[in-house]
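*Asks:* Swiss-Prot lists these features:
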- 1-265: region 'Amidoligase domain' (REGION)
- Ser13, Asp146, Ile147, Glu148, Lys186, Thr187, Lys188, Pro189, Thr190, Gln191, Lys222: CTP binding site (BINDING)
- Ser13, Lys186, Thr187, Lys188, Pro189, Thr190, Gln191, Lys222: UTP binding site (BINDING)
- Ser14, Leu15, Gly16, Lys17, Gly18, Ile19, Asp71: ATP binding site (BINDING)
- Asp71, Glu139: Mg(2+) binding site (BINDING)
- 290-541: domain 'Glutamine amidotransferase type-1' (DOMAIN)
- Gly351, Leu379, Gly380, Met381, Gln382, Glu402, Arg469: L-glutamine binding site (BINDING)
- Cys378: active site, nucleophile (ACT_SITE)
- His514: active site (ACT_SITE)
- Glu516: active site (ACT_SITE)
Amino acid sequence: MTRYIFVTGGVVSSLGKGIASASLAAILEARGLKVTMLKLDPYINVDPGTMSPFQHGEVFVTHDGAETDLDLGHYERFIRTTMTQNNNFTTGRVYEHVLRKERRGDYLGATIQVIPHITDEIKRRIIKGAGDADVALVEIGGTVGDIESQPFLEAIRQLRFEVGARRAMLMHLTLVPYIATAGETKTKPTQHSVKELRSIGLQPDVLVCRSDHPIDISSRRKIAQFTNVEERAVIALEDADTIYKIPGILHSQGLDDFVVERFGLQCGGADLSEWDKVVDAKLNPEHEVTIAMVGKYMELLDAYKSLIEAMSHAGITNRTKVNLRYIDSEDIENQGTGLLEGVDAILVPGGFGLRGVEGKITAVQFARENKVPYLGICLGMQVAVIEFARNVLGWKDANSTEFDRTSAHAVVGLITEWEDATGAVETRTESSDLGGTMRLGAQDCQLEAGSLVHDCYRKDVIVERHRHRYEVNNNLLPQLIEAGLKISGRSGDGALVEVVEAPDHPWFVACQFHPEFTSTPRDGHPLFSGFVKAALAQHQKNS
């Protein structure tokens, strides 16, 4: 039977519940247990698919096409379990389902209330998401005390009681601030946070205390005394120079032993040698490169969380320190390509909308004409095709219908007809709902033998995840190919362009899919690894 570890946060947000949870999951997995993770988001949006990147950060796409919280990206990077649509749900999703049942008459005229109807639905989804895992870690978003999270906390209180203490425990993350003028860490915020939890019927079993300074044994003993938590279960988690140290830090304090003993699990010891290798490669690089990342959401780098991590993973696999130079594409429009001088490679990620697109196109032109290694992802591929059409083929008005519906040379356009899972044709237009109307999830891609991308993957068919509405216009494809654009990847049925490469260029690859969603620190990703190798070659050439 599945054991549950519920993870909450207190005092302030952004303490790193996702990283701490994923790190504990990684240790339990290293002990031979089957582990899964869930993220429960208290906001009322149905999913984060239509939320602003400046507010929410990245939308992580699962293998089965769910648009989810970026924490699921952390989960997949730390454990081998593949996340699905069942591993993340929101208040909006829960209420939507309950209201749909009410409209159908499933509740037989009952008055619909938060308790029991909403909490029952939350519990049902937790159990479904946990599946047949030995241990399921369930992270509740937000901070204890937020009004939005109350139904979730009540649901886990009920579920904890229903399954019993041998199958459920609560891990609470808090902040232990360091007061410089006093020269000591303060435990009072943690005490009050636990008091808040206990007021709603939740007693934590484990406290993970975050701090930017060491937490001495006397402070941990004081926290244990005032919170009714065993002293061995008060874990000090100081800021680390890489998040991939966290599994080792938690293991060194015996957190996994505490969990295994509490649940009565039979398993072996933790083999963290893979993580030791990751940390060593991360902290002891042999080379260094600088790569320009030209995007439009640079005010909140969490909008590119998986991509930034994927570049770090590529650095790990190549024993290379990857310095990312973050450049807003609008700055290129205003200040020119001088911002790109001296970099070893250029990366253009995905995005939506007209703002900053011309700056991205200019960055592509700079990379192509100056033979600088280039990797384009999603919109980064679409602007590569637009730039090629404008400056090689001579179609100066070439564009995407996303940005200019009147262009005579719309080399990128909206797919207007899709088949749903039943085979029925669904028609979409520019005015269709934004939510849930994209090409989403894992898709097959056929690679052209002898291409750069094939050299990276060393496979004829790959599977990568998508999140987009627009595709290269097949009606104009013959002219693009005739002008030299190389189509090195196509969809499984051969109908859609997935990867393009520029002619007469040392390394220029642009893909419609999002490879960053499948990159991990232990395995890296072949496309990003190849990109960093190309940047290394460029760096050595320029040295």
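Quick reminder: no glycine exception, Cβ is built from N, Cα and C everywhere.
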*Asks:* Taking only the Cα atoms, work out how far Lys222 (CTP binding site) lies from Glu516 (active site), in Å, as a whole number.
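*Replies:* If we compare the Cα positions of Lys222 (CTP binding site) and Glu516 (active site), the gap is 43 Å.
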*Asks:* Would you list, in sequence order, the recorded positions among Gly18, Asp71, Gly351, His514 whose CA lies within 10 Å of the CA of Cys378 (active site, nucleophile)?
*Replies:* Gly351, His514
*Asks:* How big is the gap, in Å, between the Cα of Ile147 (CTP binding site) and that of His514 (active site), rounded to a whole number?
*Replies:* 35
*Asks:* For Gly351 (L-glutamine binding site) and His514 (active site), determine the Cα separation and express it in whole Å.
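*Replies:* Approximately 12 Å lies between the Cα of Gly351 (L-glutamine binding site) and that of His514 (active site).
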*Asks:* Which one is it: of the binding-site residues Gly18, Pro189, Gly380, which Cβ has the fewest other Cβ atoms within 10 Å in this structure?
*Replies:* Pro189
*Asks:* What are the non-local neighbours of Ile19 (ATP binding site), defined as same-chain residues 6+ apart in sequence with CB under 8 A from its CB?
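*Replies:* In sequence order, His74, Ile243, Ile246 meet the Cβ cut-off.
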*Asks:* Spatially speaking, which of the recorded positions Ser14, Leu15, Lys188, His514 is closest to Gly380 (L-glutamine binding site)? Use C-alpha to C-alpha, please.
*Replies:* His514
*Asks:* So of Leu15, Ile147, Cys378, Leu379, Met381, which of the recorded positions has the fewest other Cβ atoms within 10 Å around its own Cβ?
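*Replies:* So among Leu15, Ile147, Cys378, Leu379, Met381, the recorded positions given, the one with the fewest Cβ atoms within 10 Å is Ile147.
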*Asks:* For Gln382 (L-glutamine binding site), what is the tally of other C-beta atoms lying within 10 angstroms of its C-beta?
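*Replies:* Taking all protein chains shown, Gln382 (L-glutamine binding site) has 30 Cβ neighbours within 10 Å.
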*Asks:* For the recorded ATP site, enumerate neighbouring residues of the same chain (Cβ within 8 Å of the Cβ centroid of Ser14, Leu15, Gly16, Lys17, Gly18, Ile19, Asp71, site residues themselves excluded), in sequence order.
*Replies:* Gly9, Ala20, Ser21, His74, Glu139, Leu173
*Asks:* Specify all same-chain residues, apart from the site residues Gly351, Leu379, Gly380, Met381, Gln382, Glu402, Arg469, whose Cβ lies within 8 angstroms of the center of the Cβ atoms of the L-glutamine site, ordered by sequence.
*Replies:* Gly350, Phe352, Cys378, Val383, Ser400, Val412, His468, Tyr470
*Asks:* Calculate the per-residue pLDDT averaged over the domain 'Glutamine amidotransferase type-1' (290-541) and state the result as an integer.
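*Replies:* Mean pLDDT across the domain 'Glutamine amidotransferase type-1' (290-541) comes out at 92.
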*Asks:* Based on the record's binding annotation for UTP (Ser13, Lys186, Thr187, Lys188, Pro189, Thr190, Gln191, Lys222), what whole-number value in Å is the widest Cα to Cα distance?
*Replies:* 23
*Asks:* With Ser13 (CTP binding site) as the reference Cα, tell me which of the recorded positions Glu139, Thr187, Glu402, Arg469, His514 is the closest one.
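*Replies:* Out of the listed candidates, the nearest Cα belongs to Glu139.
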*Asks:* Using C-alpha atoms only, work out the spacing between Glu402 (L-glutamine binding site) and His514 (active site) and round it to an integer in Å.
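*Replies:* So the Cα of His514 (active site) lies 19 Å away from that of Glu402 (L-glutamine binding site).
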*Asks:* For Thr187 (UTP binding site), write down the residues of its own chain that are at least 6 apart in sequence and whose Cβ falls under 8 Å from its Cβ; none is a fine answer.
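*Replies:* In sequence order, Val176, Ser219, Lys222, Ile223, Phe226 meet the Cβ cut-off.
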